[in-house]
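Worksheet: the structure to be examined is printed underneath.
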Amino acid sequence: MKLNDQIKKSFSNQIVYLFGISISFFILGTILLFYIQNELNDKYIEEREQIVYERNLLIKINDLYDTTFIDMLSYSELITPQMESKLLSQEEEIEKLTTALEIPLETYKVDGVNTDMIREFSADFFTVLLPSYLARNENGDNQQLDEFSNEQIEKFRESMLNSIMLVGKQLENNVKKLSVYTTYIQIAFIVFILIFLFVLQRIIKRIFKNIGEPLAKFAFAANEIAAGRDAVIQTYPERKDELGLLSIAFQKMVSTLQVKEQDLIAHNEELLAQQDELQAGQDQLQETLGTLLENEKKLTNHSALINGISTSLDKKEVLNSIVSNMCKITFSDSGMIALLYENSYASSGVSETGARQFISNLHSGLNQRLIETKKAFVIKREQDISEKGYHEAINYSYDLYLPILTTTSQKVEAIMVYSRFGYPYTDKEIEEYETLTKQIAISLDKIKLYERSEEARSINQDILNTVQEGIQLIDQNRNIIQVNHQLYEMFDSLGEEDVLSFSWSQWSSKLGEKIKDKQFIFNLDEAISAALRGNDEKSTFIYQLKENSHVIQVYCKKIVNEGKAAGTIIVHRDITKEFEVDQMKSEFVSTVSHELRTPLASVLGFTELLLHKELKPERKTKYLNTIYSEAKRLSALINDFLDIQRMESGKQSYEKKYIDIRPIWETVIENQQVQTLIHQIHLSVDTEQTRILGDKEKIQQIFTNVLSNAMKYSPKGGNIYIHLYENEHSLIIDVKDEGLGIPKESIPHLFEKFYRIDNTDHRQIGGTGLGLSIVAEIVKIHDGTITVDSQIGEGSTFTLTFPKINIKKEDKQFAPDKDNSLSIHHDVVIIEDDLSLADLLFQELTSSGFQVSCFNNGQAALNHIKASPPDALVLDIKLEENEIDGWTIMNELKQDEQLKQIPIFISSAFDEQERGYSLGAQDFLVKPYSPSKLSKVIMQTLLENGKQGQIMIPKQEE
């Protein structure tokens, strides 16, 4: 009873109950059918196995008799005891099989099959037929069985075959019987399924009827109520399930809804009245919201403007931000801003042509009005065709001009112009926009200040970068603030970003790795500390780099800002050249001391002998020749010093002409060969063109220096080969010796001033280290080159190259005949304050046939020249003190129309050739020089100028 109540209270319980019964019925029916099917199969299998067993036994029995019959018929001769025993033994086996056949036949009897027939035949055969047959055979009668025996045997065999066939038919019948039973079971299963489906359909229909009909009525009633019509709610109080409860609850709900509906109608009327009031308030709020949104948009645009001008210091970016944001704030269709005193502007909605037009008229028209009034104004104008678009009616555009005033002087710094189509700018808007221009002015002032500071910083950095010293600036905490490019070049493995990002310990450690001195970091710290204390002596030190052995001097200085220490500047100065020069100068001083004192000792010694002793004439001549030779040696040394000084100052002058270098080489070889007995000099010329453009004296100086070096550094003598040849563009000279050779490491420095090879064999040979540097400089001036190829102990080859020239006709230079004689003497005036030199020149010129007058006073000489103009003038620049000098005399003579043609030959110890030639000097001789050179120069000049007279031409000095 309780179970029935539980089922009735719930739809789900009812459905589960009905479906449970249906499924249980289906499962039980299925199990029963499968059980019957299984039983039939088992019974069929069991019967089949027994029948097959019976058939197999019958076949075996039949086979044994057939074997026996065949054996009897096949023995044609006398039967042996073995054969007889074999025939008799078949009886026992047949008996066993017959007994085995009786057992299944008792259970499954097959019609027409029995063991009695087998036993009867077996008894007759083994007791009658077989013994009779054996007896006849034993008696020698080999005839076949008699007719009766054969008939019995055939009848038995036919019976056995029938039995076997009957057993086989019994198997077939069992199969057919099983098939029939299986068919019946399948039909029963189908009928069972149909019955089950029918019952299930009735159950489902009942469920839908019990549930669907009430639900349809409820839905209809609900729709009626929703449509506002009256509806009858049918209840089911007798039902205890969900639908019964639902019908009662639905009825109560409808009653409640009807009551509530009346209340809602009343409330609805009240709400409609309130809705009208709220609508009016909503319209007001909507208007307020619009105002707030408009203000928010303005604030957003203002914020964008402020952010754009405050977050960047890029002028172009700021100007673009101002224009774009101001166009949004002012609701303008186009706009532009331009700086009055800089070529900077930005625009929005304006073509490039229009922008250029505006910039070109920046200080005229309405812009000028804005500059003068410093007040914003609006211009109303008719729209241009390009602004109308597809509109045909007359429309107006309004241009707003806004000045941007500097915050300090209230001077117009920039101009903004904005255009708006269709409606004007109000006074309130203009006032708002003028307020914004103050923010823009502040931003522009900030950018201007930044640009000035950046420009100053850039200039300072450029200045630092032009300084040859490496400069580093650190603050009080030793943070690296600034460095110049020279410092990076000194330490080329360090980049700018690396240095500025280093801490002081990292920087000093990196630097210490590249420096030989292990005390570098300590010395640097001490120098910085000393600089901060104001101790200049200890704020400097020297270190040497590992990589290139450069010598660097460091000095530190304290930076003071407004009376307080702001940091330290550290200067790294590369003093490698000064260091090397100091070393070379020290060595040079000792070398020059030796080179000067040795000839001076000879000159002083032999002079003292000549002054204080009576000597034979030939000994005097020998001593004088020695003094002359040492004096020439001293003169050559001094000339080397003067040449170096003139080359360094750029005052060395060159008189370039087309000259043939072959005779120059021949002269140089002749002069050098007489000075040695252990060297053999060989000249070979493999070119017909031996002319170059050059200064003959300087070229001879080059050849002399190179050849004398070859002899000097071949102390054991040997051959010296001079080879002249040419290539496509150059005339080449090789000077090869068999001397000491030059170390490889010395070759790059060979042409540097004061450089001497640091080698014992080379040190024993004298020299100042100036000769090859002079040669290199002269070769360079002649657009040539000098190189050297050398191996230690195998000699050296110096190669000189000069630009080759092609001259079809030789230059015609005057070469006077030694026997040439003219008939007239020439007057020469000598102005020289050194009486000894004046007497020497006087003797030289008079011996050459000149009429000579000597003066040591400039004014007296000038008066004599004006009274009796000479044919030539030999002039010293430095005269007695408080007297006019040679430059003054030259100026006066060149300004006098009658005297300006007199050729002036300057004889001076000062190498001021450029000034002398610029004032009109004919030639410039630097003391000391050979007196015969002066007479030769004067003679050639007078003959070239067409002067007549008897002039003795002296032999040229070699």
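Glycine too: its Cβ is placed from the backbone N, Cα and C atoms.
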Original post:
Any idea which of 257-288, 353-384, 449-480 is down as coiled coil in TrEMBL?
Top reply: 257-288
**OP:** Output, ordered by sequence, the same-chain residues six or more apart from ASP876 (4-aspartylphosphate) with a CB under 8 Å from its CB, or 'none'.
**Re:** ILE831, GLU832, ASP833, ASP834, GLY886, ILE906, SER907, SER908
Original post:
Mind checking how the domain 'Response regulatory' (827-942) divides into helix, strand and coil residues in DSSP?
Top reply: 51 helix, 24 strand, 41 coil
Subject >> Other parts of the chain folded back onto the transmembrane segment (178-200), taken as Cβ under 8 Å at six or more residues beyond its ends >> reply: 22, 25-26, 29-30, 33, 36-37, 40-41, 44
Subject >> Reported mean pLDDT - the domain 'Histidine kinase' (591-806) >> reply: 82
